[in-house]
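Annotation comment: Swiss-Prot describes ALA3, LEU4, HIS5, PHE6, GLY7, ALA8, GLY9, ASN10, ILE11, GLY12, ARG13, GLY14 as NAD(+) binding site. Residues or ranges marked as N6-acetyllysine by Swiss-Prot: LYS269.
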Amino acid sequence: MKALHFGAGNIGRGFIGKLLADAGIQLTFADVNQVVLDALNARHSYQVHVVGETEQVDTVSGVDAVSSIGDDVVDLIAQVDLVTTAVGPVVLERIAPAIAKGLVKRKEQGNESPLNIIACENMVRGTTQLKGHVMNALPEDAKAWVEEHVGFVDSAVDRIVPPSASATNDPLEVTVETFSEWIVDKTQFKGTLPNIPGMELTDNLMAFVERKLFTLNTGHAITAYLGKLAGHQTIRDAILDEKIRAVVKGAMEESGAVLIKRYGFDADKHAAYIQKILGRFENPYLKDDVERVGRQPLRKLSAGDRLIKPLLGTLEYGLPHKNLIEGIAAAMHFRSEDDPQAQELAALIADKGPQAALAQISGLDANNEVVSEAVTAYKAMQ
């Protein structure tokens, strides 16, 4: 089996690329970073530090790389069995034209073996969005052929991969946590379902997408925002602060009550999942900076994201949300010189006041009681 993976960054190399290569799949990375491309093509291998209770070093081998903006990537799409991405939500639109060209070439070459495309991004139904961009870039006479022969498979991914702090200055070395979860929608595949260790198949993807969003992402963000306010540097330092831990755990329990109502998750198993995530935040090997985790607060405070979406769920089912409100208030305080969204957030609050600003960012009605609750909590933090 041959695969092409867009994005040779830390997540691409440390998570999806590693799973594919470990499964014995012939893997080519596509990226724009020439230093990384040259290193991959010179060595055909790289090291991954897997850290949890213990630390181990795995070697990923048998890989190569191409530029994601050249002809090679188009040729590969015409040949491979699987295309995956870990490029970030914003970049999906940029890689779509190359994918479209490759699919046209595949059709012209008469290659009718099934191709499946899986976007492995920190977003809901990212592959469906990528499919929209690809379809827009395709000529009309190729669209029906693509619908018939190409599967666009949505997935949920979860693995903490902090920015590399390689002591060796090796551009390929990467550190990842032991935990990883890659759940894919088995109803969207074309052809035979793949058997890749570490890839879980489900016919109820949204339950797992929201479980991750409402637990890991919600908890991670609130830990970062409260941690930054309290002067902590890392996620570990923040979650070891008992006051912060109580709010984070409380928020995950509040969002968890929504998941249990909505999808019928087992309450005891979900409580264990929350404990596992708190343990991941404590990982001493992951030097995960609160500023990195907190960045892009406007996106994280938007209606479909990790803070407001679970809050809306608590309103839908008439459930408590005190800790989620604390997290939202802390997010409104997030300031970072390196993050344009943090600066935009500050300007919006200064211009409109916290109530109107939060309403605009979140899509909530300014007169909604929860907006007032968040503003009260926000002011109490000043």
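Including glycine, each Cβ sits where the backbone N, Cα and C put it.
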For ARG13 (NAD(+) binding site): intrachain residues, at least 6 apart, with Cβ closer than 8 Å = PHE29, TYR46, VAL48, VAL60, LEU172, VAL174
Request  = State the Cα to Cα distance, in Å, between GLY9 (NAD(+) binding site) and LYS269 (N6-acetyllysine), rounded to an integer.
outcome  = 33
Remark   = When each of the recorded positions HIS5, LYS269 is scored by other CB atoms within 10 A, the minimum falls on LYS269
Message = So if I measure Cβ to Cβ from GLY7 (NAD(+) binding site) and keep only same-chain residues at least 6 apart in sequence, which ones fall under 8 Å?
response = PHE29, ALA30, ASP31, THR85, ALA86, VAL87, GLY88, VAL91
Ask   = What's the CA to CA span in angstrom from ILE11 (NAD(+) binding site) over to LYS269 (N6-acetyllysine)?
value = 28
Task = May I ask which residues of the same chain, at least 6 positions away in sequence, place their Cβ under 8 angstroms from the Cβ of ALA3 (NAD(+) binding site)?
result = LEU20, ILE25, GLN26, LEU27, THR28, VAL80, ASP81, LEU82, VAL83, THR84
Query = Quick one: Cα separation, HIS5 (NAD(+) binding site) versus the residue listed as 'N6-acetyllysine', in Å?
reply = 33
Query = Highest CB neighbour count within 10 A among the binding-site residues GLY9, ILE11?
reply = ILE11
